Amino acid sequence: MRAKIISVVANNFYVHLYDLKIQIKAIPKGIFKHNSHELKPMVGDDVEVELIGNTYLITKIYERYNQLIRPKVANIDIVLIVVSIVQPDLNTLSLNKYLAFYEARNIKNVLIGLSKYDLANNHLKQKINKLILDYKKNNYAVFILTKENDILLLKEKIKSKTLCLAGNSGVGKSTLINKLDPSIQQRTQEISHFLNRGKHTTTSTKLISFANGFLVDTPGFGNLEVNLTKNEMANAFNDFANYARFCKFSNCLHIEEPECAIKKAVDEKLIVNWRYDDYLKIIKELPNDVLKIKTRAQNRKCK
């Protein structure tokens, strides 16, 4: 039977059986416990489960199409980065760090959700609308979370997918979750009871049934902190991709190198200035070729 690992609690694995639409406890086959085995079961894995006697056994792990180490989760279909326009103010540098990280980790659908748009004044809304157009030109889907039509479009986008919500506290993630699936509160209580833990004691990653798919529930997405190399960062801005291959040097970091196609594209207004400026700020943070992203840092704000 095909299943998905939804939680690991004290070396106990809980899986969702696709066909039966139930959740059961399962034990990994002994081979997965050996240090020599490449794959170790983790939350998000699609697995094969067999009932042997009275025990469900995980006998196979299907190939992952992506995975994160911190938080530890595999096979993410969509990441929705939620940022507020006011209270707190929109921070494009923080947002671009999120975007770069998930692009670098092979997550194909990274979406942007803007909350509290209705609280912005007209002057700020004009700037935000220009910002939205710039992101859309770079093939990012942007949703204004206070607009009912955008919520409907987002519901359709996430249907039957494994979704992660990223973003700092206070930006409206909880409100959004209830808008996307009003039954989530009851289901969260059911899952907490199944896993025998309180709803306020989440210390590890788990998946909750959500919008005919799954929602990643983890403490690790609120304050992203990861390591990226300079070369990874240089390749993580998707608006650079069409131009970077024309750089003179294959390892060009697009800072001061001669014959850099990215700098030329910025001069020709093919890449927007503020995105490139944010890129320079990000990559110049890199000591010894490593970037430690801290999304709570004080960075550029759109006012």
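Heads up, the Cβ atoms here are built off N, Cα and C, so glycines get one too.
From a predicted model like this one, the values you see are computed outputs, not experimental measurements.
As annotated by Swiss-Prot, GTP binding site applies to Ser115, Lys116, Tyr117, Asp118, Gly167, Asn168, Ser169, Gly170, Val171, Gly172, Lys173, Ser174, Thr175, with the evidence given as sequence analysis. Residues or ranges marked as Zn(2+) binding site by Swiss-Prot: Cys247, Cys252, His254, Cys260. Sequence annotations record features per position, and here Swiss-Prot assigns domain 'CP-type G' to 65-224 based on sequence analysis.
All features noted in Swiss-Prot, drawn onto the structure.
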residue	record	DSSP (3 states)
Ser115	GTP binding site	strand
Gly167	GTP binding site	coil
Lys173	GTP binding site	helix
Cys247	Zn(2+) binding site	coil
Cys252	Zn(2+) binding site	coil
Cys260	Zn(2+) binding site	coil
Which of the binding-site residues Cys247, Cys252, His254, Cys260 has its Cα closest in space to the Cα of Thr175 (GTP binding site)? His254
Relative to the Cβ of Lys173 (GTP binding site), which residues of the same chain, six or more apart in sequence, are found under 8 Å away? Val82, Leu165, Gly167
If you average the pLDDT over the domain 'CP-type G' (65-224), what number do you get? 86
Can you tell me how far the Cα of Val171 (GTP binding site) sits from the Cα of Cys260 (Zn(2+) binding site), in Å? 37
Looking at the binding-site residues Ser115, Ser169, which sits with the largest number of other Cβ atoms within 10 Å of its Cβ? Ser115
Write out the long-range same-chain contacts of Cys260 (Zn(2+) binding site), meaning residues 6 or more apart in sequence whose Cβ is under 8 Å from its Cβ. Cys247, Lys248, Cys252, His254
Sorted by position, what residues of the same chain at least six away from Tyr117 (GTP binding site) have a C-beta under 8 A from it? Ile85, Lys125, Ile128, Ile144, Leu145, Thr146, Lys147
How big is the GTP site in terms of the longest C-alpha to C-alpha distance among Ser115, Lys116, Tyr117, Asp118, Gly167, Asn168, Ser169, Gly170, Val171, Gly172, Lys173, Ser174, Thr175, in angstrom? 19
